[in-house]
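Below is one structure; the comments refer to it alone.
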Amino acid sequence: MPAPGAVLVLNAGSSSIKFGLFDISASEPALLCKGQLDEHEAKPRLVVKSPKGEDLFEQQRTEADADGDHLLAAVLSFSERQFGDHSLRAVGHRIVHGGPDYSAPVELTLDVHAKLEALTPLAPLHQPRCLAPVRTIRAIRPALIQIACFDTAFHHGLVPPVSRFAIPRRYEQSGIRRYGFHGLSFEYVAGRLVQIAPERAAKRTIIAHLGNGASLCALRDGRSVDTTMGLTPLDGLVMGTRCGTIDPGVLLYLLEHETMSAEELQRLLYHESGLLGVSGISADMRTLLASSEAAAREAVDLFTFRAAQAIAMMATTLGGLDGLVFTGGIGEHAGEIRSGIGERLAWLGVRIDAAANDAARERINAGDSAVDVFVIPTNEELTIARHCAAMLRSARVS
Ligand SMILES: Nc1ncnc2c1ncn2[C@@H]1O[C@H](COP(=O)(O)OP(=O)(O)O)[C@@H](O)[C@H]1O
Ligand SMILES: CC(=O)OP(=O)(O)O
Ligand SMILES: [Mg+2]
């Protein structure tokens with residue numbers, strides 16, 4: 001039975017909070033409006049748009065609203081005012097870390113909330129940003145059901161050796177293992193790939209989610225068998241402000257010889273490294289691609305090199321490569337990055353068609369490519385809406 005009404009979806013990423021309001025009365029959720037709470041602009045503001053991108057509503061954050069709570073309340077009351085005939089059934093949240101316990105969406109009870117809060121050290125950049133709106137909404141709409149959908153859940157089936165670190169085994173028993181992230185994006189893209197190229201569904205595919213955070217997922221039979229992020233969303237590729245894979249000896253050196261505190265080191269690795277740290281100019285790929293500075297070119301080159309290197313590593317897990325998919329802000333929009341990665345993977349048989357790539361078509365491989373290459377815009381919000389609708393339908397909520 002379809003569940004009538006709507007769900008509000010909040011997607012708190014490292015550089016923005018995106019949201020979407022979905023009508024869930026049909027079997028596939030339909031977007032009613034979407035928007036962004038932009039905190040990194042000089043004047044933080046809330047922008048709400050129609051599914052076609054027309055402006056519906058805008059509100060600046062005031063001085064008094066340091067934590068953005070009023071903007072969140074404004075999203076709720078706008079949703080209720082504008083779409084009052086779709087009663088709000090639940091709020092679905094992207095929660096970055098689900099730890100070892102959560103392999104599927106779960107209702108955000110106080111007990112679950114406390115368990116997720118305890119995972120903050122494993123995703124210090126994200127977990128507090130994901131959980132803050134849960135608390136705010138509980139305070140202003142205590143009866144509203146809230147549901148957590150996890151970035152880690154799609155990778156829950158990872159097994160050794162992929163999930164294992166080469167440290168003494170007792171640490172693995174206490175949960176120190178590779179989890180992987182961006183799972184809601186990978187789940188959406190894997191689903192789209194089945195629709196676009198059903199013959200590809202069972203093949204060896206790598207999805208490159210290249211956004212402000214970036215990671216790869218190796219897919220076999222539509223399931224994650226490897227990914228570049230680990231215990232935390234710090235591992236793997238070069239990111240906007242995160243370093244990705246690094247010799248752990250560097251960290252020991254900084255702690256001991258530069259007498260850095262753990263807190264300073266965390267700041268360095270999460271906020272001051274990656275594209276920003278290497279370029280000294282910006283964490284934003286658009287700015288770097290437009291810059292003529294040598295340091296900007298070098299940061300872009302490191303990003304491309306490391307992405308290609310990691311794709312080859314994922315291909316080893318898969319025992320070859322049949323499909324490569326680009327998604328995320330950079331993967332969807334930066335043709336220069338896609339072609340740069342493709343050139344470095346020519347030895348694997350990757351050939352990208354320049355015209356298709358410039359136009360960001362759905363399929364961008366050349367006719368003689370041994371690997372099918374796709375650009376598939378991600379939709380984490382829709383994945384969350386689907387999970388919420390399924391939970392409400394099956395009455396897996398109180
Ligand atoms: N047209 C574009 N060309 C190049 N890079 C782009 C373009 N549009 C967005 N990006 C880049 O995408 C990144 C943000 O990705 P996104 O997936 O939106 O981030 P988040 O991880 O916050 O969800 C930024 O580095 C931004 O510069
Ligand atoms: C997990 C992660 O890195 O997320 P984002 O890309 O939103 O920063
Ligand atoms: Mg993101």
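Glycine is no exception: its Cβ is also placed from the backbone N, Cα and C atoms.
Keep in mind that TrEMBL annotations are predicted by a computer and have not been checked by a curator.
The feature Mg(2+) binding site is assigned by TrEMBL to Asn11, Glu380. Neighbours of Glu380 (Mg(2+) binding site), defined as other CB atoms within 10 A of its CB across all chains, total 25.
Annotation note: Asn212 (ATP binding site) sits in a coil segment as assigned by DSSP. Look at TrEMBL and you will find Lys18, His209, Leu210, Gly211, Asn212, Gly213, Asp284, Met285, Arg286, Gly329, Ile330, Gly331, Glu332, His333 tagged as ATP binding site.
TrEMBL lists Arg94 with the feature substrate binding site. DSSP assigns Arg94 (substrate binding site) to a strand.
Sequence annotations record features per position, and here TrEMBL assigns active site, proton donor/acceptor to Asp151. The Cβ of Asp151 (active site, proton donor/acceptor) has 29 neighbouring Cβ atoms from other residues within 10 Å, across all protein chains displayed.
Residues or ranges marked as site 'Transition state stabilizer' by TrEMBL: His182 (among others). Cβ neighbour count for His182 (site 'Transition state stabilizer') (all protein chains, 10 Å cutoff from its Cβ): 30. Secondary structure at His182 (site 'Transition state stabilizer'), taken from DSSP and collapsed to helix, strand or coil, is coil.
Per TrEMBL, site 'Transition state stabilizer' is recorded for Arg242 (among others). Arg242 (site 'Transition state stabilizer') counts 29 other C-beta atoms within 10 Å of its own C-beta, drawing on all protein chains shown.
DSSP assigns Asp151 (active site, proton donor/acceptor) to coil in the three-state reduction, outside any helix or strand. In the three-state DSSP classification, Asp284 (ATP binding site) falls within coil. Under 6 Å, Cβ to nearest atom of ligand 1: this is the test, and of the recorded positions Arg94, Asp151, Asn212, Asp284, Arg286, Ile330 it is passed by Asn212, Asp284, Arg286, Ile330. With respect to ligand 2, the recorded positions Arg94, Asn212, Arg242, Asp284, Ile330 contribute Asn212 as residues with a C-beta closer than 6 angstroms to one of its atoms, given in sequence order.
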